[in-house]
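Asks: Let me begin by handing over the structure; questions about it come next.
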Amino acid sequence: MSFESLLFQAVNGFASASGLFLVAAGLSIIFGVTRIVNMAHGSFYMLGLYLAVTLAPRLGEVFGDALGFWGAILGAALITAALGALVEVLLLRRIYAAPELYQLLATFALLLILSDATLALWGPEDILGPRAPGLTGTVELLGRQLPDSDIFLALIGPIVLIVLHIVLTRTRFGRLVRAATQDREMVAALGINEAVLFTAVFALGTGIAGFGGALQMAREPANLALDLSVLGDAFVVVVIGGLGSIRGAYLAALLVAEVKALCTALGIVEVAGFTFNMSRLTLVAEFLVMAVVLVVRPHGLFGRPLPPAARRGDMEAPLAPLGQRGRFLVLAALALFAAVPLFGLVSSYAPVLALDMVIAALFAASLHLLMGPGGLASFGHAAYFGLGAYGTAYAATVLGLPTPLALGVGIITASAGAVLFGWFCVRLEGVYFAMLTLAFAQIVWSIAHQWEEVTGGSNGLFGVWPDAPFDSAGGLYLAALAVTVLGLVLLRRLVFAPLGLALRAARDSRLRAEASGIAVEKVRWLAFAVAGTLCGAAGGLFAFAKGSISPEAISVGRSIDGLVMVLLGGVHSLMGPLLGAGGLTLLQDMVMRESPFWRGLLGLLILALVLAFPSGLAGGLRRVRSTP
Amino acid sequence: MSTLAPLLEMEGLDAWYGEAKILFGLSLQVAPGEAVALVGRNGAGKSTTLKAIIGLVRRRARRLSFGGTDLIPLPTHAIARLGIGYVPEDRRIFTELTVRENLDLGRRPPRPGAGRAAWTLEAVFELFPQLGDMRERRGGQMSGGEQQMLAVARALIGNPALLLLDEPSEGVAPIVVEQMGRALARLKATGLSLLICEENSDLCAGLCDRVLRIEQGELRGPAPAPPP
């Protein structure tokens, strides 16, 4: 590899950094003022690109190519900003006082809705935009041809950075944004209308994201996968740079883009006799950078610890052991589930659906240990599901181990992963914890995707069938039910055991828990390991149930499903995740078969539920029951 | 005791902090140009009373009005715009912003018929000369006493008719307390009403017309003014 090609990649890195920065800057400003992590932020980027490729040819017919192209970019940015303002007024304004997790859920529902709205409006095909008029040539640099458009993009990032800096430091709006980022209440007490400020900030943030998307018109086609991929990148950049810091976001975007470019430039390297393809690392590079930065600087390069958030929403009632009636209900439900194979005589589909529900219940309940009693929202629980599933599948197919042993291998794999990743994660809290868990899940996903020799690459591993007596639908189902019930009993015992008490104490007040002698990080690490282990069991069962495992099944969507299950059911109750898992599985099964727009419908339903029951289904039921 | 119609009227105020009820049926009045002190132990509910007036905590009252306008349904910014300045506990200066920027955020046009000259930057710098010497300093780089002056100045430049002051002498050097006392006396002389949570009797002596004692969220001791 020559110095020239390294330089070439470095310029390319600057161009990518601009795109990353535009999305991350908007996300960061919105979070700073409203304290909402906008899960739908990537959707506004995607919409910006779709709008631009749609507007450009139409405007081009009227005003000529050049005006059409640049007019389309401006128009797309303005429309996304207006859409952002609308979303803020109609949705976010109602949930500022809701618990953080429900805000995440609501904006995630928005992501689902916008994704399907885009599908409905523009169809599933990628759409290519026109090339940038006037930027179709190349510039020669050290014997290499660099496209004009890349140089233009490389410059846009610093330009926006400077403009934002001027707006934030020199204008009244900027002063308001900085003041509100520190203390919203005090801003209101000075007679400033927060509602208008919040709408403006949200419009600004989404407008910048739309602008960033529109700028990519000449570089990449508009496609439906952009929202999630851009969101993941933006999270990483914002977390590395420090939430709320604009220059941090730019530096982080540059760091990530350059590390990726370096991996590409290095190509295949030989280290101690091993050949290693560095370009394969591009997928995990940003997450590795993030993991390193967060371990050294837990709040990112330029971030500061957030002021401790006042506990919002309903105060949690202490967990109570089941009464006699509760025990009866649980036994009745258990008996019903155990009898499912008998229904199989009537409907052959019943045991299949019930198996999905049982696996989902174990998955959601293991996540709930972290989210409910632990107060730690993991956005990467799919990692342990994946490790369990791949471990099991590998043991069953390649090693040819009998079913129970293969499941054991999967559980141990997940457990090892949880112990390793957990050590890093439990050092962080809140949004940073969520982002680091997401990062580790992406690493696991990338490994599954790229380590073809072991994981089968994008095809995954198949032919993972259980052997007798688990090879019938009923046999596998009963085994899965047994494993799940064991797992649930263990989780429940744990929550009421001293470890569970310590975990809940650390959630309610970390300072007080530490002052009374609880080693908070150790307790959380142990809980993380237990949650990962049980999640691995769910993953192993999943591999047997489907007969295969592929990277798609352990993508970020799986982690989000888990979050939705726990949040729908309610974090404040041990029954919550079970209700949520059952509900979501049924719903996905029913809605998915009815409509190509099932994600959007699911999003609408989640929004309706969040607005109607801000404390989850289980909490809503409790409230309905307690009001005479 | 003034004979004018009260500026602030509060009857049967209950307030909550999260799930915990802090105030139980508080009633008090502040007349135009009057200075009223609220005293009581830590946790008695003094700060919560001020926060309830400005709308920062959940509250309920038979009556809570300012200049005849019901405050209960109004959002915080609308209450502030009626002419209530709030100087919070711990001052809550915007630490990333300079002195001038902090003051700029507090600026509000004078209400018609206020009957006194509008506050300007120069006027607050005349009242607190130290602030004038550090216009471009960031809030985070100021001493506690300087921050306290800035917090009062930031409220004044909004041209309020009533100033809510939460522990203005807390964590402040004695010499600054004296200066603050003189400044507050000057403000009172311009006809500004003051409602002060204060433990420092030096500051209140000669300044406050009445002292009300709060215990466990209820008024005790010197009785509030009888209803008109």
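From the backbone N, Cα and C atoms, a Cβ is placed for every residue, glycine too.
Sharing the record's features from TrEMBL:
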TRANSMEM  A:6-31  transmembrane segment
TRANSMEM  A:43-60  transmembrane segment
TRANSMEM  A:66-92  transmembrane segment
TRANSMEM  A:151-168  transmembrane segment
TRANSMEM  A:189-212  transmembrane segment
TRANSMEM  A:278-296  transmembrane segment
TRANSMEM  A:405-424  transmembrane segment
TRANSMEM  A:431-448  transmembrane segment
TRANSMEM  A:476-503  transmembrane segment
TRANSMEM  A:523-544  transmembrane segment
TRANSMEM  A:564-587  transmembrane segment
TRANSMEM  A:599-621  transmembrane segment
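Give me the local environment of each listed feature.
Replies: With a cut-off of 8 Å between Cβ atoms, the residues of this chain six or more beyond the transmembrane segment (A:6-31) that come close are 37-38, 41-42, 44-45, 141-142, 144, 146, 150-151, 153-158, 160-161, 164, 177, 201-202, 204-209, 211-212, 215-216, 230, 233-235, 237-238, 241, 243-246, 248-250, 252-254, 256-258, 260-262, 264-265, 431.
Among residues of the same chain six or more beyond the transmembrane segment (A:43-60), those with a C-beta under 8 A of the stretch's C-beta atoms are 22-23, 26, 67-69, 71-73, 75-77, 79-80, 83-84, 110-111, 114-115, 118, 121-122, 127-130, 206, 209-214, 216-217, 220-222, 224, 226-227, 230-231, 234.
Here the transmembrane segment (A:66-92) has Cβ contacts under 8 Å with residues 34, 36, 40, 44, 47-49, 51-60, 103, 106-107, 110, 130, 132-134, 198-200, 202-211, 213-215, 217, 607 of the same chain, all six or more residues outside its ends.
Within its own chain, the transmembrane segment (A:476-503) is flanked in space by residues 319, 321, 334, 337-338, 340-341, 351, 354-355, 358-359, 361-362, 365-366, 368-369, 373-374, 407, 466, 470, 513, 518, 520, 523-524, 526-527, 530, 534, 537-538, 541, 544-545, 574, 578, which lie at least six positions past its ends and keep a Cβ under 8 Å from the stretch.
Through the fold, the transmembrane segment (A:523-544) approaches residues 358-360, 362-363, 365-367, 369-370, 373-374, 376, 378, 381, 383-393, 396, 403, 406-407, 410-415, 417-419, 421-423, 425-426, 461, 464-466, 470, 476, 480, 483-484, 487, 490-491, 494, 499, 502-503, 506, 553-554 of its own chain, all at least 6 residues removed from its boundaries and within a Cβ separation under 8 Å.
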Asks: Six or more residues beyond either end and a Cβ under 8 Å away: which residues meet both conditions relative to the transmembrane segment (A:431-448)?
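Replies: Hits for the transmembrane segment (A:431-448): 31, 37, 104, 232, 235-236, 239, 243, 283-284, 287-288, 290-291, 294, 298-300, 306, 376-383, 386-387, 390, 417, 421, 424-425, 455, 460, 551, 554-556, 559.
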Asks: Residue list, the transmembrane segment (A:405-424) vs rest of chain: Cβ under 8 Å, 6 or more residues beyond ends.
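Replies: Answer is 291, 294-295, 383-385, 387-396, 399, 436-437, 440, 444, 483, 524-525, 528-529, 531-533, 535-537, 539-541, 543-544.
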